[in-house]
Every structure is written in C-alpha cells, then in structure tokens.
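Student: I'd like to ask you about the structure that follows.
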Ligand SMILES: O=C[C@H](O)COP(=O)(O)O
C-alpha cells in the first residue's frame, strides 16, 4: 500500500504523520510482511523520514515521487537515484500521470528513469493508465499496454522483476470517480499477460500490480479482492491518518 502525498506536507508534518501511522499500525499489530506500507513524501521530507524510520526502527518504507534519469552533472533541480538510495529510499514513483500531464514526460524519459532507479537499487513504481477520452473511445487497453512497453523497454527479466506497476486511470485520480473493481482487474490482468509475453511467466506472476484512483477505506477491500490487483497507490486518502491506516489494514475491514 503506497501513499503518494504529492505536493503536500512540510518535513515536520511528514514526520508527524509517519510517527502516528506507525503507532496506529503497531496498536493494530500490523503484519508488514503481509502488507507492505510505503509513503512517498516530497523530496524535502525524505531525510527527516529516514531519520525517524532508522531511529525508531520502523517497518514503514518510503518512496520518492520522481527521480532523475541522470546520475550527476549540470542538471539543475534534478535529484538522482544514487542520492535517493543514500537516503534509504526503497521505491521511486515514475511516470505519474501528473508528471506526464504537467511536465511533458513521455515513454523515452520514463524508460530512462526506470533504468536509473534500477541501477541504484531502487524499485520503480511505474504509473500507467488512460484519460477519460481514451476510455470513452475504448482505447484504454492498447494505450496502457503501450505505457508498460515503453517504460520497461530494454530491461532484462531480472530487472523487470524489481518493477511495480500502478494502473491509474487518469479520470479516477482525485475525482472521487473510482474505476470499478472489474475495471481494475481487467487492466491488471492485461498488464500481467503483457509482462508474461515480454519477459516470462515467472516475472509476470511475481510482479506487483497496484490500482490507483480515489482509493479510500470504504472501497479498498473490494478492489483488493480482485486476483490481479496486489495493492493500491493512494493519493488524497493517504494524507488522512484514519483513512490510510485503515487502507493498510484492508484485510481486517
Ligand atoms: O498517486 C496516486 C493517485 O494519483 C491517486 O490519487 P487519489 O487517490 O487522490 O485519486
């Protein structure tokens, strides 16, 4: 279960939320081996979150919301995978629809970011999914699979087995519109089949495929009941302690 905080919370608010999340999950005797819990704060909060997680030996993991495709050099404003790995970052969200929409990110760059993350030992969480227009035109399957092909181009099976894919239909992000569990299953199944075709069934079966788009405590269990959906990438609800801790404990809901 990944909480993408997007552009919210300063570093003090970030450590407050992680601390409270850890306490709440400890009270509930959360089994982190069964359900991994990841938060993705702003870059400015990662060092503070690292200090808290290390100091208190928390099992919560943390992700960056983006990563540079470059390792070092004259790239003002960029943050490299190596710098993130030094901060104990486990995952990097790559190719989120908001980066595609507002920063013009497309397949070639996304593919380079995936390679950069893997090179530093960070697991990419690759976001794929269609707009409402594409969904209405029934082009969602080829478009989403095109995102998958583009992001994973040139990877070995071993590298691909480190990747997490998040299916996020753009029309369901922050809108309150949730794709039905059947919509999520349809795409997760299609993504897994494409991975089996491109790599092999071992990679496909082991791959974690998340659904994202208006996931809340009251709809997470139905989505997670689908066989090909392994987790959720949660935006708005991940900023609300009661919501995200309940989502992490979806098995008990
Ligand atoms: O990364 C998270 C997604 O964009 C979903 O956001 P949301 O849960 O606010 O719809």
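The backbone N, Cα and C atoms fix where each Cβ goes, glycine too.
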Student: For the substrate site that TrEMBL lists with 4, 5, 6, 214, 235, 236, give the additional residue from the candidates 174, 202, 206.
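Tutor: Answer, per TrEMBL (substrate site with 4, 5, 6, 214, 235, 236), from 174, 202, 206: 174.
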Student: Taking only the binding-site residues 4, 5, 174, 214, 235, which have a CB closer than 6 angstroms to any atom that belongs to ligand 1?
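Tutor: Close enough to ligand 1 are 4, 174, 214, 235.
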Student: Starting from the substrate site formed by 4, 5, 6, 174, 214, 235, 236, give every other residue of that chain whose CB sits within 8 Å of the mean position of their CB atoms, in sequence order.
Tutor: 173, 234, 237, 238, 239
Student: Looking only at C-alpha atoms, tell me how far residue 235 (substrate binding site) is from residue 168 (active site, proton acceptor), rounded to the nearest Å.
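Tutor: Counting only the Cα atoms, the answer is 11 Å.
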